[in-house]
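Here it is, the structure in full.
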Amino acid sequence: MTGFTDADIQCVNNIRVLAADVVAKANSGHPGAPMGMAPVAHVLWTKFLKFNSKNSGWWNRDRFVLSNGHACALQYIMLHLCGYKLSMDDLKSFRQLGSITPGHPEAHMTDGIEVTTGPLGQGICNAVGMAIAQAHLAAVFNKDGFPIVDNKIYAFLGDGCLQEGVSSEAMSLAGHLQLGNLIAVYDNNKITIDGDTAVSFTEDVEARVKSYGWNVLHVENGDSDFAAIEAAIAEAKASVSAPTLINLKTIIGFGSKQQGTHGVHGSPLKADDIAHLKKTFGFDPEAKFQILQSTTDLYKAVIDKGAKAEAEWNELLEKYKQQYPKEASELVRRFEGRLPDGWEKALPTYSPSDPAVASRKLSETVLTKLAAALPELIGGSADLTGSNLTRWKDAEDFQPPSTGLGSYAGRYFRFGVREHGMVAICNGLAAYGGVIPFNATFLNFVSYAAGAVRLAALSHFRMICVATHDSIGLGEDGPTHQPVETAAWLRAMPNLAFWRPADGNETSAAYTVALLSTGTPSVMALSRQNLPQLEGSTIQKATKGAYVLEEVENADLTIVSTGSEVGLCVAAIQKLKSKGLKVRMVSMPCVDVFLAQDKAYKLSVLPSGNPVLSVEAYSTYGWGNVSHEHFGLKAWGASGPYDQVYEKFGLTPDGIAERAEKVAAFYKNRGEYAARRRVGIHHLSDQVIRFDTGDVQEISFTTYDTCLVGYAAVDAICDYYTHLDRRPVKAEVEPGYLLAQLPGEAPQTGQPFPSIARDFQRLILPGITHWQHPSFFAYFPAISTFESMLGDLYAASVSNPGFNWVCSPACTELEQVVMDWMAKILGLHPSFHIGSGKGGGIISGTASEAAFTAAMAARERALRYLSDEKWSQKLVMYGSTQTHSIAAKAARLLGLRFRAVHVTAADGYALRGDALREAIEADVATDLVPFFVVATIGTTSTGAVDHIADIGQVLNSYPTAFLHVDAAWAGMAYALPEYRAKLRLDEVNTYAHSFCANAHKWGLVGFDYSLFYIRDRKDLTEALDVTPAFLRSKEGDSGIVIDYRNWQLALGRRFRNVKLWFVLRSYGVDGLQKHLRSGIHHCRKLADRIRSSKDFKLVAEPSLSLLVFRLQPQGYEGGEDDDLNRLNKTLHERLMARSDVFLTRTVIKTEEGEMTCIRFAMGGLKTTLECVNATWDVVEQEGAAVFAKDE
């Protein structure tokens, strides 16, 4: 192997084992081709490829394309070894979400990747396009002694690429064009996914490619004959008048136990095979992602060589600038992607008095003007030049000079009947840089090129597809050529602009936006038939994608249309005017560009409250984004003169006017809410208007009106949440504001729903404190998600009281399911699960309801133990001075005593066992009986966590005692495993008789929704089961079902479990955890700010998403607690006087007295860290004002 050493062999083997590790780590991918092609990759990168990895955008670099994109592990490894911005961690993240090493190469994502490949055959076409661009720019800019553009284009491709028809299209053209700068390496491993190529691919590839006009070289041993590989590439580089294909025979998966089989093509190697591979090549079989020092050293020299190559080229460029300043300036401008100053002045403009012209002819005028202004504009047609009208006068064809048909400096391409290859080649032109490519065919045949169009959008290439004969307007050629469905799939494609201009100004606008959109391809749908120049159209208006062509006040209807149908709609509106109808006209040449405008503009074009009818000579699919009703084609077109075809489908001024009149009448009869719709909300138009018959279908008034007002309600709710941050957090009304505005008696007759909904907006919302506001930090978060709202709506629709299983089995059984789901999510002991057969969970309205229910169960349990009713007056409940007020309220309702045990700052305001024991023993000494203790996980004032184990051990001495754990606010944090120990979950699971957490606080479920769990459900049923005869059922009496009425005070119960079911299924556990962690993160960040403050102090350590602070200015001379309390009361009063923030005050009882503090409760769904910081800025400002005034 002349010129190669053992270090080269080690490098190749290093690439092979690294490829196996990369794919194995991902547990996905294709190791075979990277292992087989490692030698040619090593030879190419080290001996031939001209690049500078420190400047991957160097204009004169050689371009490399991996057409068999599934082998991208090889390309990523080469980029890493050669010093591109692709780290070892990136290799380890191969095919993982968010990585820069996706499963197939993507342009603009990974440094060093030229084009997006993966769909086989596309890459070799891109390489042809790059070779054309290089040849063209070399012909334009190279001068004697200044080969300023002299790079080569290299491509790897496989059997699959050569089987794809698109590769034949492009390679055939490359041979005709004599592109000697193009070198393709064919990985001839004779393996596809289905097995040996003998089953499907037996042609003589070399003969076929030679027939295209290519040189064909042959390397028999591509696995280890490095010298033969080097010689073949060197010979290919020497070719100047023909592209070269190197037929490289390799063994797929070389070194693997499965080498040479399809088993190594698309699946990771097994662990024992990887170990075998590494051992075979002299690598540590246990080590992963190894790179030998010799490999690093060799590629360091390659990196240095590349940097030197660019430095030498930069010196050449400087000399070129001095000798050829005009050409150099133009070269720099084009590769920097800047359009020449004033280019847009070349665009033609039109007035209504100008003659009607087909938009394909208008496009020809634009191209002719732009060709003179933009020398980088190059392109051509797929054998339809005379129909597409894309060749400007005096254009020179891009042809090999030897043919006498043109030159490489020519800018017009004859692509031949090769639509797919044409667009894929244009992608390569765009990727190369320095040129702006366009191509042309009939719109219907853009479908032939769909794969390449898709990759243009995915790759963010500026490329223009001129697509003429855009509709049934092409007439006689008939349905085979009429693109009824094409616009729908093109509009559905992300990052693609589909333009359909209606006149000359719109055509100029389409080209304007296409040329300015450097990262978006555009398709121009152009008519064969003549179109009038429209009154009111301008280039500026049309660049927004849609605009009002004809405005009227108090319109009955808006018609929106595109292209050739706009003129028909304008004529239809004139007919409607004579009938007294007021109709607005909107032209929408590009839906995608319009939808990208801001909401204010979109609503100015398509205002709420006005029905919209779309008209287009295509399938109506997709128009639900912008219109209520859609008039178009629901079948294939027809063959005949175009005006007769239009008439057949009713697309005439009379036909459009007839349908518009029916639509306007329908919505007028149904009221404004039928049309109160926003852009982006779909409407089931087939239920309302059948355009194939033109008849309005009458639907049940009640059902359909429900649909209409339902749409309006959802719309209003979306508006509410969209603009919630603009509202004041607190209601800005005075007491009695609503009483004064509502009548004292209910209406005698029914009122229309629109007026009711208006009154909700006008009267009710001003009196609402917005708990979902991003700056709401009072009390606790009370989150309502859309999933929860929808669950409420679905549940309310069946209006089920659900008091026992027979009422609705689903109501009971779904509750069992979701309550067990939540028990498992929170980590509760299995004894709290319904499935345990003993305990279980029930949905309560609030934590207060749950605590009261638990207290009733505990009371009955204690009395059964005492066996004497006389003890009932001696029962005592316990909590702490931080326990929620429900404990004291429950004692009062039950006619029992409540003891609030004092807690101290030293204990973090948490209830300890010794303090409880002291209180109980004092009561027992006076013949009282402890029966119920409320311990808290996350107290309201400070978020304190009571010492559950200590409390439980105390209660073990009292068999009458029942421990209820109130985790109303903090309990949802048990969903986060990292907080369970801090929140004493193991202690709760050991000692608690019952447990409650509120899903409606920061658990994503709307109010009211408490999760109440009992360890022994008999404690509930024996206290609450009262079953009259009319409630009995055989299922309930047999005990085989749960009757939740016996677990609660009330008989009936709402179907609330649907809300939790919707939320958990939509968010999943991961989504819930992400939300919870967000609030905790915000709290930590705010705590850091407060700790660094000189004037504010944390009263207690932050608890999850709650922190408590007080104003305590440094050096404050008052210093006494009363003075500080006064300051903090004043601060809170000032905060409450504001409408942009909302925090609550709390008073903490200490041994020294009472301490006034302010709570900051985070965890809102719409709250961001920016909202938290902005609110704290307000607190600091108000605090400074309070202190300054006090001084």
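Cβ from N, Cα, C; glycine included.
Reproduced below are the annotations present in TrEMBL:
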type	residues	note
ACT_SITE	GLU419	active site, proton donor
BINDING	HIS30, HIS265, ARG360, SER387, HIS469, ASP477, HIS481, ARG528	substrate binding site
BINDING	HIS70, GLY118, PRO119, LEU120, GLY160, ASN189, HIS265, PHE445	thiamine diphosphate binding site
BINDING	ASP159, ASN189, ILE191	Mg(2+) binding site
DOMAIN	357-533	domain 'Transketolase-like pyrimidine-binding'
MOD_RES	LYS1001	N6-(pyridoxal phosphate)lysine
SITE	HIS30	site 'Important for catalytic activity'
SITE	HIS265	site 'Important for catalytic activity'
What is the separation, in Å, between the Cα atoms of PHE445 (thiamine diphosphate binding site) and HIS481 (substrate binding site)?
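That comes out at 8 Å between the alpha carbons.
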List, in sequence order, those recorded positions among HIS30, PRO119, LYS1001 whose Cα sits within 10 Å of the Cα of ASP159 (Mg(2+) binding site).
none
Find, for the listed binding-site residues ARG360, HIS469, HIS481, ARG528, the residue with the lowest Cβ contact count at a 10 Å cut-off, counting only other Cβ atoms.
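Lowest Cβ count within 10 Å among the binding-site residues (ARG360, HIS469, HIS481, ARG528) is HIS481.
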Look up ILE191 (Mg(2+) binding site) in the DSSP assignment and reduce it to helix, strand or coil.
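Strand, per DSSP.
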Give the number of CB atoms, excluding that of HIS70 (thiamine diphosphate binding site) itself, located within 10 Å of its CB.
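So the Cβ neighbour count for HIS70 (thiamine diphosphate binding site) comes to 22.
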What is the set of residues, excluding ASP159, ASN189, ILE191, whose C-beta falls within 8 angstroms of the centroid of the C-beta atoms at the Mg(2+) site?
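These residues sit around the Mg(2+) site: ALA33, GLY158, ASP187, ASN188, LYS190, THR192, THR197, ILE252, HIS265.
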In Å, rounded, how far does the Cα of ASN189 (thiamine diphosphate binding site) sit from the Cα of HIS265 (substrate binding site)?
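So the alpha carbons of ASN189 (thiamine diphosphate binding site) and HIS265 (substrate binding site) sit roughly 10 Å from each other.
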Can you grab the distance from HIS30 (substrate binding site) over to LYS1001 (N6-(pyridoxal phosphate)lysine)? Cα atoms, rounded to a whole Å.
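HIS30 (substrate binding site) and LYS1001 (N6-(pyridoxal phosphate)lysine) have their Cα atoms 48 Å apart.
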Indicate whether ARG528 (substrate binding site) is helix, strand or coil by DSSP.
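For ARG528 (substrate binding site) - judged by DSSP and reduced to three states - the answer is coil.
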Given the binding-site residues HIS70, GLY118, PRO119, LEU120, GLY160, find the one whose Cα is closest in space to the Cα of HIS265 (substrate binding site).
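Checking each of HIS70, GLY118, PRO119, LEU120, GLY160 against HIS265 (substrate binding site), the shortest Cα distance is to HIS70.
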Sequence gap of 6 or more, Cβ distance under 8 Å: name the residues on the same chain that satisfy this around PRO119 (thiamine diphosphate binding site), in order along the sequence.
GLY69, GLY451, LEU455
Between the residue listed as 'N6-(pyridoxal phosphate)lysine' and SER387 (substrate binding site), how many Å separate their Cα atoms?
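Each residue's Cα considered, the residue listed as 'N6-(pyridoxal phosphate)lysine' and SER387 (substrate binding site) end up 66 Å apart.
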Taking HIS70, GLY118, PRO119, LEU120, GLY160, ASN189, HIS265, PHE445 as the record's thiamine diphosphate-binding set, what's the max Cα pairwise distance in Å, rounded to a whole number?
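Max span of the thiamine diphosphate binding residues, Cα based, is 34 Å.
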